[in-house]
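Marked as compositional bias 'Acidic residues' by TrEMBL: 224-238. Annotation comment: TrEMBL describes 241-250, 258-270 as compositional bias 'Polar residues'. The compositional bias 'Basic residues' annotation in TrEMBL covers 284-294. What TrEMBL records for 17-94 is domain 'Bromodomain associated'. If you look up TrEMBL, you'll see 109-128, 224-294 marked as region 'Disordered'.
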Amino acid sequence: MAKSSSSKASMSPSDNYYLARRRTLQVVVSSLLTEAGFDAAEKAAVETLTEMLQSYLSEIGRSAKVYCEHSARTQPTLSDIVVTLAEMGFNVDNIQAYAKRSQRMVITAPPVTNTPAPPRALSTGQKRTHPSYIPGHFPEFPDPHTYIKTPTIREPVSDYQVLREKAASQRRDVERALTRFMAKTGETESLFKDDVSTFPLIAARTTTIPYLNALLPSELELQQMEETDSSEQDDQTDTENLTLNMNSDEMSAEKENTILQQSSGLSNSKNSEEPMIDNPYLRPVKKPKIRRKK
């Protein structure tokens, strides 16, 4: 009793719906066998006939739906079923005579049960209805979770305290991973003699001259020395370039001064020979002397 109750409780609504329809078909097959004159039947034979009847009815429904959709309709009509039966080789004219037979048995209709709706995985948003320009026989819109935009990108954390804590935890994790890697790949020492696997310590490497590492420069110091040497060389080249530029500027300034002096001497001699002009607007233009800053 406990097993049957647990199995009934574990069955889904769709399974119950299928079993109810299956029992109705079994009752129909049993009544047809009784009309045919059979007093008893094996269970396997009844199941086989039930399966054949179910397949026949399913094929009628499938073909009727195809003819219905071919005519641009959503629900089958009587004409669709008549065409389906004719296609399957059934004589439609004998249906009325078979329905009015005298020895037929009346079977109570099965209880009306609603078809179980398929379970929805997600229920987000409001389901959209068809606009006015879409006909009603078109299928409905899919569930909103299939087309609703759900951004999953998070804004980067900019809090100073959170960033420092994250950097410290990452550094701590890196140090632990590195020590574990060195302990597994290199020589280790244990605090306990009995159990070597607990609390492994990285073994110290013995050297002949222990103070040699303190005297030799490290890689960071060598890099800094190379950077300082390169910067000093750059400063020297800059100073040499500056001195060369200054010397060339001084030589060009001296040449210009000598040329200006010669031209001024020639202009003075010409002015002495020419008469003095009182009008300042008619006097010749005098160029100012250019002085270079040393």
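Backbone N, Cα and C define each Cβ position, glycine as well.
Bear in mind that TrEMBL entries carry predicted annotations, made automatically and left uncurated.
For the domain 'Bromodomain associated' (17-94), residue counts in helix, strand and coil come to 60 helix, 0 strand, 18 coil, using DSSP.
Residue counts for the compositional bias 'Acidic residues' (224-238) under DSSP, helix first, then strand, then coil, are 15 helix, 0 strand, 0 coil.
Regional average pLDDT for the domain 'Bromodomain associated' (17-94) in the model is 87.
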